[in-house]
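As given in TrEMBL:
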DOMAIN    7-125  domain 'Response regulatory'
DOMAIN    142-371  domain 'Sigma-54 factor interaction'
MOD_RES   ASP55  4-aspartylphosphate
Amino acid sequence: MPGIPAQILILDDDADVAYAAKLLLRRAGQVATLADPAQVPRYLQQNTPDVVLLDFNFTPGRADGAEGLKVLEQLQALPRAPAVIAMTAYADVPLAVAAMKCGACDFITKPWDNARLAAAVDAALARRAAPASTTPAATAALLGNSVAMRELRAAIGIVGPTGANVMVLGENGVGKELVARGIHLASRRAAAGFLAVDMGSLPESMLESELFGHRKGAFTDARSDRPGRFQSASGGTLFLDEIGNLALPAQSKLLTALERREVTPLGADRPQTIDVRIISATNLDEARLYDAQVFRPDLLFRLNTIVIRVPPLRERPGDIPGLLEHYLNLYQSQYGRPERAISPAAFDALCAHAWPGNVRALRHACERAVILAESDLYGIADFGLHTAEPVAAPVTATALKLDALERDAVAASLEQAQGNISHAARLLGISRAALYRKLEKHGL
Ligand SMILES: Nc1ncnc2c1ncn2[C@@H]1O[C@H](COP(=O)(O)OP(=O)(O)OP(=O)(O)O)[C@@H](O)[C@H]1O
């Protein structure tokens, strides 16, 4: 509310940590500090915090986070629950992830990056103050009326104009790129371009030339000067997709570019200043993303000033009917097919399905149903889900064998790539889109 300063509570037994955070956050509101969870009930009798920065271990020697989780529970039970930002040591990231599952909105690792902490608190405060819907144009493509999707749209409206670097997290096919495009459209850079780069499919040997450009003659195939993605996206937004797949040496090159705000094309003797907003995305599990063996913490701090998490479709089943309707309509008109309704049994099955491939898989299933349906209503078999009855079609023994071989090859490459779609596609020598189709076909 205008005029009323936000209340921020820092709960940490380390006096130095609490004091440093207090100094940093003074400009964002009224800051109180407490050192002991036992003081919390009394504080809550007289105060209504908007944001709580919460440490998880207080008693010396304790590292299970139970004390912090108990406070989180108390805060969640309040009529106007504050936004809670978990604060943990780097080694305790799994604890922070557990806290997020219990309702914390974000987490910060200690020692923190000042800009990241300030941005996390600003984002938490802005989210509380935001009206239910913002910048419809920026989020028009993002369908779904679940609470999660409404919050996501509000977050895009808030984060977009800030210009801060954003990291979008979520499983494959949840809509991370749509979110990134929404942030771009809600930003002051909307009139300039949005350029997406699939970092997962960039071979390491090409990374520098692709990202930073090259001069004619810099290497055998460099027949002319070529700008890199950083230069091409100048003034706009560069979307670094599958950032979690970047090898460590490549991470350090990217870090240098971001730190210096300049890139040197291969073969050039002078760097060029860059002006891009970076939005990155990954499907990497957060515990792995925060593992320094996998991802450089200093690069992470550059990229994740704001973190946006897109929940999987199975956690927002209320969005499924609207998405089915949208994509069936889309493909019916695209393929000039008649309008059909979904049979009640198929509808129930589709709503109960876990959708491991998320919205992308649902979209493909709708396309398939529109193409294959023959009766008056869409039946579950038309959608080709692995839980459905197999479509009765004559198949020869050879086709069956080839199919089984293909399934095994896809499964083996996925295992070898530890579930990383880009890597698996590269192992198989096919595009990511083709791999998605095969995953769906074989119900993997
Ligand atoms: N909320 C949504 N409303 C409508 N369509 C959506 C939504 N979320 C995702 N989609 C559609 O699902 C497909 C996958 O979305 P997108 O590419 O943004 O996902 P992603 O998380 O970036 O996937 P990946 O991790 O595999 O790159 C796209 O066709 C997109 O249009």
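Cβ coordinates are placed from backbone N, Cα and C, and glycine is handled just like the others.
Because TrEMBL annotations are produced automatically, they should be read as predictions rather than curated entries.
Values in this document were obtained by computation on a predicted structure and should not be read as measured data.
The Cβ neighbour count for the residue listed as '4-aspartylphosphate', using a 10 Å radius and every protein chain shown, is 23.
For the domain 'Response regulatory' (7-125), the model's average pLDDT works out to 86. Counting residues of the domain 'Response regulatory' (7-125) by DSSP class, helix then strand then coil, yields 59 helix, 27 strand, 33 coil.
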